[in-house]
Structures are given as structure tokens and as C-alpha cells.
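Colleague: Submitted below is the structure of interest, expressed as C-alpha cells.
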């Protein structure tokens, strides 16, 4: 991590993202907690995650824009708009205003999709290829590691000062992030590819994803994982309520446990990728997550918290490898579209499982659902692990 932190451009990117992610982590659980407290429904809480995931289906549209504008300016605008989009949360005071949670969750999803896609392209343009895995590891470690303090901070601020204070905190971090991106030197322009029809340009990321065998296998593994894994967003509330007999606020501790694991996964990510390749790291990370979901069926706090730590390590390791694979195997002018196409494919399957999970959690024993989800995720890991690693083939420039 020291090598990449010597790069001034990355230090500014890291500062902006770290501050913004602290605010995001503080707000992460608040819509779901509010929905659970106002309705008592696990499904209502899970629906906030559904609306957060919904904009991922629009990711190719964000990618189309990202690859045609200055990515630094795009990030500045996205951060400022994200800060403004949070303000309706302050009006949620009861059942009659509960509906506001859902458009705000959707706006947060738009922010995530847009900023993630632009960041992936910006990193490729400011860093040499041999530092990409290290940079992604640092950012993912920070993103997930802030679960150690973010959710606890958010719940503490919400409990002591109300929803308005949490919104102010997150909005302020977006403004600071925008300032950090504004301080970045303008990166060298990305060589533009010849432009074709708008439909061809719009679908270029998805077509590259389908044509590259390693990106295609990674996308298949993530899609299979999320085909059922999205249900865990509702199931975790059932685990906490019915399995452990704890209040919804206990999610702050489970998220913190995920943060501990995420630090481990992020710190190991660059080393695993360097030694065994991106697909091995993706498969190993997904396998850890699958085993963790199976362990959620154990009705004991140490087992659940330990499994959450394992889940955090697995998801972060897989995430670092996915971002690095996309950056290394995509030409500069396509990174935004390939990244957002990947998000859209995984997000669409996650969206379906979120809906199914919210509906089934009140009809089927949550332990049976967790067993099915965990085994499916393990199958996704096996898909990623079969065959050779991307390191054996040249990468596009």
C-alpha cells in the first residue's frame, strides 16, 4: 500500500473517498432501521435495500456518460448532487412519510453506481497498471473497514441527535470529497475510440464483457452469487430477530464484524492477485461468503459475528479482484462502460433476489432460505475457480 500512497493523485482520491465513505457508512443502516422501527416488518427494511439496488440496472447509462466526460468533473458533480439528495430523509417522522425512505435509497444507489464507475476509470488513467490492485485494495479496505466505526457512529448520532444530524454528517462528507476531487490535477485525456451508432456505443461495455473469457467468467460467478445472495439483506434481520432475539440496532455490530473481515480481505487482496490471479481471488472470496451465510443458521452471537467477519473478508477480496480484472482487461475508453455493465448484470440479479427475500422471509423458515443461498454461492465460487487465471493471457491496453 505504501507504493500507491506515494502517488499524489491517488492520495487525493483516497482522501475524498475515505471521507465520503465514512459518511456513507454512518447512513448505511439508517433507512433500514427506520423502516423496521416504524413498521416492525423485515420486508419493509429489506425494501430499502431493494431501492438502493434498483439504480444498478441503469449503470450502463452512467457508464455511457462517464466515458465521454472528464471523470474528475463528473465525480465532483456526483458528490454535490448526492449531498443534496439526502435531505428528504429529515422529513421521515412516521408512517405517513415512510415512503420517502425509498426514493432516497434509490438516490443513494444512483450515487454509488455513478461514483464507482467513474472512480474505476479515473484510477486507470492516473496510475500505472502494476499499482491498480494495490489501489483497489486500499480503497476497498477503507470502504468496508469503515464498518468498524461508521454504523456505530450513525446509530449513536441517530439515537442522540436524530436523523437530521446523520444526514448533515453524510452530506458534509460528500462536499469534502468534491473538494478533494477538485484539487486533482487534470489527468491526461483518454484516447478516444472511433464512434459508431449510439446503440453500439451504449452496449460496448456489455459486448466487451461478453467477449473477454475472463471477464465473462467473473461476471457469471457474481451473477450466480447475487441471484440468491440479495435475499440476505432481509434474512439478516430475521437472523437477528428470530435467531438471536436482538433488536434491529444489533445490525451495527454485525456490520462492524464485517468491517474487521473486510480489513483482512482488503490487505490480502493485492498479494493474492499477484500470486494466483484475479479469478482465483474472486472464487476464494465468494467461497468464504458462501460458508459464512451457511453459518448464519447457528443461533449464537459468536457464530453469527464470526461468520460476518468471514463474509466481510470474502466480499472484499472478491471485490478488489473484480475491479482490478475490469481495469486490466478493458481499454481506457471503455473502462466506465465495462465497469457499469458489470454492476448492472450483478445488480439485476441481486434486485430479483432482494424482492424474493423480502417476500419469502415471512413465509419460509429463514434457516432453510440461508441454506439454499449459501450452497448457491458456493456453486458460484466453483464456477470462478475452474480453468486458468487471467495472468496467462495478455491484457488489452
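Cβ atoms here come from the backbone N, Cα and C positions, even for glycine.
Unlike curated entries, TrEMBL annotations are predicted automatically.
According to TrEMBL, the record shows the following:
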- 12-34: transmembrane segment (TRANSMEM)
- 46-66: transmembrane segment (TRANSMEM)
- 73-93: transmembrane segment (TRANSMEM)
- 214-240: transmembrane segment (TRANSMEM)
- 252-272: transmembrane segment (TRANSMEM)
- 279-298: transmembrane segment (TRANSMEM)
- 304-326: transmembrane segment (TRANSMEM)
- 338-360: transmembrane segment (TRANSMEM)
- 366-385: transmembrane segment (TRANSMEM)
Colleague: Same chain, outside the transmembrane segment (366-385) by at least 6, Cβ under 8 Å from its Cβ: which residues?
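Modeller: Hits for the transmembrane segment (366-385): 217-218, 220-222, 224-225, 227-229, 231-232, 235, 238-239, 242-243, 279-280, 282-284, 286-287, 289-294, 296-297, 357, 360.
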Colleague: When you scan the chain for residues with a C-beta under 8 Å from the transmembrane segment (214-240), skipping those not six or more beyond its ends, what do you find?
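Modeller: Beyond its ends, the transmembrane segment (214-240) has Cβ neighbours at 32, 36, 42-43, 45-46, 49-50, 53, 208, 246-248, 250-251, 254, 278-279, 282-283, 286, 289-290, 293, 296, 304, 318, 321-322, 325-326, 329-330, 338, 342, 345-347, 349-354, 356-358, 360-361, 366, 369-370, 372-373, 376-377, 379-381, 383-384, 387, 390, 393.
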Colleague: Checking distant contacts: for the transmembrane segment (73-93), what same-chain residues at least six beyond its ends satisfy Cβ-Cβ under 8 A?
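Modeller: Distal contacts: 16, 20, 27, 30-31, 34, 65-66, 100-101, 103-104, 107-108, 110-111, 114-115, 118-119, 122, 163-164, 166-167, 170-172, 174-175, 177-178, 181-182.
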Colleague: Give residue numbers and ranges for long-range contacts of the transmembrane segment (279-298): same chain, 6 or more residues beyond its ends, CB-CB under 8 A.
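Modeller: Distal contacts: 214, 217-218, 221-222, 225, 229, 232, 235-236, 239, 243, 265, 269, 272-273, 304, 306-308, 310-311, 313-322, 325, 367, 370-371, 373-378, 380-385, 387, 389-390.
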